[in-house]
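Below: one structure, written as structure tokens.
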Amino acid sequence: MTSDRFFRLDAGYQQYDWGKIGSSSAVAKFAAHSDPSVKIDETKPYAELWMGTHSKLPSVNHETKATLNDILAKNSQELIGEDVINKFKSTNELPFLFKVLSIEKVLSIQAHPDKELGKKLHMEDPKNYPDDNHKPEMAVAITEFEGFCGFKPLEEIADELETIPEFRDVVGDEVANEFIQNYKTGVENSSSACANNKKLLQKVFEKVMTAPCDILEKNADGMAKRANENPSSFKSSDLPELVVRLNRQFPKDVGLFCGCLMLNHCKLQPGQALFLEAKDPHAYICGDIIECMAASDNVVRAGFTPKFKDVKNLVEMLTYRYDPVEKQVMSAEEFPRAGGDGATIMYNPPIAEFSVLETTFKNKTGKATVEGLKGPSIVITTAGEGYISADGQKLKAEPGFVFFIGANVPVELETTDKDFTTYRAFVEA
């Protein structure tokens with residue numbers, strides 16, 4: 001018996017240049033395992049697996065090959081649920097886009113607009129900003145992961161301006177001295193001192209982003225050579241290796257300054273997560289992650305990219321929040337609507353479009369149950385094997401298998417393997 005409310009999906013993949021190569025990529029392995037017609041090319045990158053209704057790469061029903069958009073449109077009340085339809089004003093699209101990313105080379109340093117700025121940018125430049133939505137996003141590590149996330153604490157940036165001559169040369173003595181002499185530590189977020197700190201940080205960032213090409217390249221080259229030949233001349237122990245590694249990928253790039261020197265270098269272990277708010281700068285460096293985001297493709301880029309860089313909008317739009325790296329990491333909470341033998345936790349960012357559940361099993365056998373959620377969801381198996389039962393049918397779940405589950409459908413997960421792990425993106429109104 002087939003079900004209209006629970007079925008397997010085929011997810012498309014993207015072969016962006018920064019993806020892991022061939023079968024070293026989780027994206028490639030998931031795509032090939034779930035669809036035997038996919039033959040992995042060991043010379044090509046496999047960067048992203050897309051699960052959802054985004055028009056660029058919509059998922060399709062595994063059996064019928066109908067797009068998820070068309071399936072939702074024919075039965076939106078039952079599959080999406082009236083409350084979610086009313087909130088997000090769509091009968092054939094999900095408000096989130098669910099992905100797996102396999103990262104070999106650093107992605108562009110970027111930020112995403114909020115809703116207000118998204119509308120403005122789309123109206124003014126639809127070629128570079130293809131929709132009018134915001135794009136907050138969350139990343140959950142499934143292997144060891146590195147990224148840049150948010151500005152470093154100001155005292156770290158001030159110390160770098162004093163001890164890294166190439167950074168100071170790019171920023172210039174006047175702005176460097178103004179920053180070092182006037183920033184304040186330990187101030188309240190809502191205070192005028194905090195607002196002044198952000199203005200000082202913006203000045204430094206703008207100087208980096210608008211530095212003349214010859215000055216930038218000379219100093220980037222000099223800093224990379226010094227990091228390689230004399231790493232002990234840097235105070236931070238991991239900075240020289242990072243500069244050398246990223247300079248190999250993008251030689252003499254502005255990202256060596258606006259990324260390596262100004263943004264937090266964040267390392268996650270599997271299961272740890274980051275939430276990246278609109279207007280906060282970030283970049284993924286390496287690793288495999290589950291990613292969920294509001295369904296948008298708007299990106300304002302700064303560095304480590306051959307693509308369009310919108311420096312003016314980027315400098316103006318950022319929040320210039322600055323926090324230690326520990327504050328960027330997001331913790332999960334136990335999900336109260338799950339039971340049985342599995343452990344189900346929820347990553348619940350402070351936005352309406354999505355949350356993500358992770359279900360694991362500590363023992364080789366057992367079943368986990370999850371009550372019907374008040375909105376649509378997409379599940380992917382990332383490790384191990386088992387079964388998922390819902391709406392009167394039981395389907396095999398293996399790495400890379402993707403499923404859609406309609407609103408208000410209770411689910412049972414059964415493990416046949418101690419490593420059986422699923423991630424489930426969902427929305428409720």
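Backbone N, Cα and C define each Cβ position, glycine as well.
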Further binder of Zn(2+) named by Swiss-Prot next to Gln110, His112, His282, taken from the candidates Glu82, Glu93, Glu124, Glu137: Glu137
Other CB atoms, at most 10 A from the CB of His112 (Zn(2+) binding site): 26
Separation of alpha carbons, Arg301 (active site) and His282 (Zn(2+) binding site) (Å): 10
Euclidean distance between Cα atoms of Arg301 (active site) and His112 (Zn(2+) binding site), Å: 9
Around the Cβ of Gln110 (Zn(2+) binding site), the count of other Cβ atoms that are within 10 Å: 25
Local Cβ density at Glu137 (Zn(2+) binding site) - other Cβ atoms counted within 10 Å: 23
